[in-house]
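Lifted from Swiss-Prot, the feature list:
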type	residues	note
ACT_SITE	171	active site
BINDING	123, 170, 174	Fe cation binding site
């Protein structure tokens, strides 16, 4: 049933990626429910063995050209992630470190401690051939975000750490018209001073 969704990712240099998104009304209408289901279908399928999509762990509505404050994060409980990220408290039976569509997300707290992924970040909206993608992307190690949970059908606050916090901040940037390449400092591309590297 979910395969009816047509997925077209907006990529640089499209200007919509540089625009700020706007909050949506709660309760969700049919259009926003369909948007959430499209995001779930797209990213979940992208993590499968026979996917036609570029693999991803998150997507923001603006990446479909839709300026709405909503993103989906689906981070599998992958031993390659958890072994290098000791901040995650993961039970072996948990399939995901995090999985939900969040509407109207707002950061209400962030840690002073900073973190980055050792090989840098990537993005579905930034083609792999786009220049100046190499370098550490500095993020807050922990953040608290409030918003509306699609799966729980209520307002919630999430306290996320490590890799999941990085993914959250990557998607939150999209909602503010920013991309990960904006956060790479060309003067210290791989400088690890003052940050934890995963």
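Even glycines carry a Cβ here, placed using N, Cα and C.
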The number of other Cβ atoms within 10 Å of the Cβ of residue 123 (Fe cation binding site), counted over all protein chains shown, is 24
What is the separation, in Å, between the Cα atoms of the residue listed as 'active site' and residue 123 (Fe cation binding site)?
10
What other residues of the same chain, not counting 123, 170, 174, have a CB atom within 8 A of the CB centroid of the Fe cation site?
58, 60, 63, 121, 124, 125, 171, 173, 179, 180
Same-chain residues six or more away whose CB lies under 8 A from the CB of residue 170 (Fe cation binding site)?
58, 121, 123, 137, 139, 180
Nonlocal residues around residue 174 (Fe cation binding site), in sequence order (Cβ under 8 Å, 6 or more apart)
17, 21, 60, 62, 63, 71, 125
Using a 10 Å radius on the Cβ of the residue listed as 'active site', the other Cβ atoms enclosed count 22
